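*Asks:* Pasting the feature list from Swiss-Prot:
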ACT_SITE  His9  active site, tele-phosphohistidine intermediate
ACT_SITE  Glu87  active site, proton donor/acceptor
BINDING   8-15, 21-22, Arg60, 87-90, Lys98, 114-115, 183-184  substrate binding site
SITE      His182  site 'Transition state stabilizer'
Amino acid sequence: MVKLVLIRHGQSEWNVENRFTGWTDVDLSSKGLEEAREAGVMLKASGFSFDIAYTSVLRRAMRTLWITLEEMDLMWIPVYKTWKLNERHYGALQGLNKEETARKYGDEQVTLWRRSTNVRPPALTKDDERYEAAHPKYRDIKDYEFPLTEDLEDTEKRVVSYWNEEIAPNVKAGKQVIIAAHGNTIRALVKHLDQISDKDIENVNIPTGTPLVYELDNDLKPIGHYYLNREIETLEEKQV
């Protein structure tokens, strides 16, 4: 059996403001910084150590990982950053307040954009100032790969391809791996690992800054999973 740890970034500044974030590169809030520290403390106290780490190219996930590893005295381990672990791209919704958007388009439509597997939000245009394909951190993305909007299915395709090509071989080789990413990229990986249906994934939520531990067999099939609960600082099994 091997263990895999997934952690959604700590609370971000736009989580506080209730905005659609997507690929917008906002930082952690003060609470998010504390969540990342607590995650590191809990993981270390629970006996976890890591050989390798993966994260996105968005600072809220990278900073969460750095702080977590610092608390564990593991800042020296290899860290691989990839856009394929970025949050789902929310297209033209990025930056908009979720409540205001619901008032404009209706709760049902916004819920479809947020929770369904195959309904994309309105797309960005390439002349929009929020379109960041020219940023150096995206120099490895081909023009046709850079999203203007995504649904969860799109997100799952890129996350699972990176999992299969880069992460899974290391997990299978016995490496202790931590992935610091985002709500929807973790949902996408959880959907893949647990073979969750398109309908059931709509009800899956990933809390900020709380380590999610997967126990996997030699074929990387889940045996079980649980959260490390920051409130009681002990292992507590919870439904994902």
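Counting starts with 1 at the first residue shown.
Cβ from N, Cα, C; glycine included.
Can you tell me where each of these features sits in the structure?
*Replies:* Taking Cβ-Cβ distances under 8 Å and a sequence separation of 6 or more, the neighbours of His9 (active site, tele-phosphohistidine intermediate) in its chain are Leu28, Gly32, Ala36, Leu58, Arg60, Ala61, Arg63, Thr64, Ala180, Ala181, His182, Thr208, Gly209.
According to DSSP, Glu87 (active site, proton donor/acceptor) sits in a coil region rather than a helix or strand. A simple way to gauge crowding: the CB of Glu87 (active site, proton donor/acceptor) has 26 other CB atoms within 10 angstroms, across all the protein chains here.
Here Arg8 (substrate binding site) comes close to Ala180, Ala181, His182, Gly183, Ile186, Ile206, Pro207, Thr208, Gly209, Thr210: these same-chain residues lie at least six apart in sequence, with C-beta atoms under 8 angstroms from its C-beta. In the three-state DSSP classification, Arg8 (substrate binding site) falls within a strand.
In the three-state DSSP classification, His182 (site 'Transition state stabilizer') falls within coil. His182 (site 'Transition state stabilizer') has a Cβ environment of 28 other Cβ atoms inside 10 Å.
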*Asks:* List the same-chain residues at least 6 positions away in sequence whose Cβ sits under 8 Å from the Cβ of Gln11 (substrate binding site), in sequence order, or say none.
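*Replies:* Expected: Leu28, Ser29, Lys31, Gly32, Glu35, Thr208, Gly209.
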*Asks:* What is the interatomic distance between the Cα atoms of Trp14 (substrate binding site) and Glu87 (active site, proton donor/acceptor), given in whole Å?
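*Replies:* Distance between the two Cα atoms comes out at 13 Å.
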*Asks:* Within a 10 Å radius of its Cβ, which of these binding-site residues (Gly22, Gly183) has the fewest neighbouring Cβ atoms?
*Replies:* Gly183
*Asks:* If I take the alpha carbons of Lys98 (substrate binding site) and Glu87 (active site, proton donor/acceptor), what is the distance between them in whole Å?
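*Replies:* Per the Cα atoms, Lys98 (substrate binding site) and Glu87 (active site, proton donor/acceptor) stand 16 Å apart.
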*Asks:* Tell me, how many other CB atoms lie within 10 A of the CB of Lys98 (substrate binding site), whichever protein chain they belong to?
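*Replies:* Lys98 (substrate binding site) is surrounded by 15 other Cβ atoms within 10 Å.
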*Asks:* For Arg88 (substrate binding site), write down the residues of its own chain that are at least 6 apart in sequence and whose Cβ falls under 8 Å from its Cβ; none is a fine answer.
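*Replies:* Counting only residues 6 or more apart in sequence, the Cβ neighbours of Arg88 (substrate binding site) under 8 Å are Gly22, Glu150, Asp151, Leu152, Asp154, Thr155, His182, Asn184, Thr185, Ala188.
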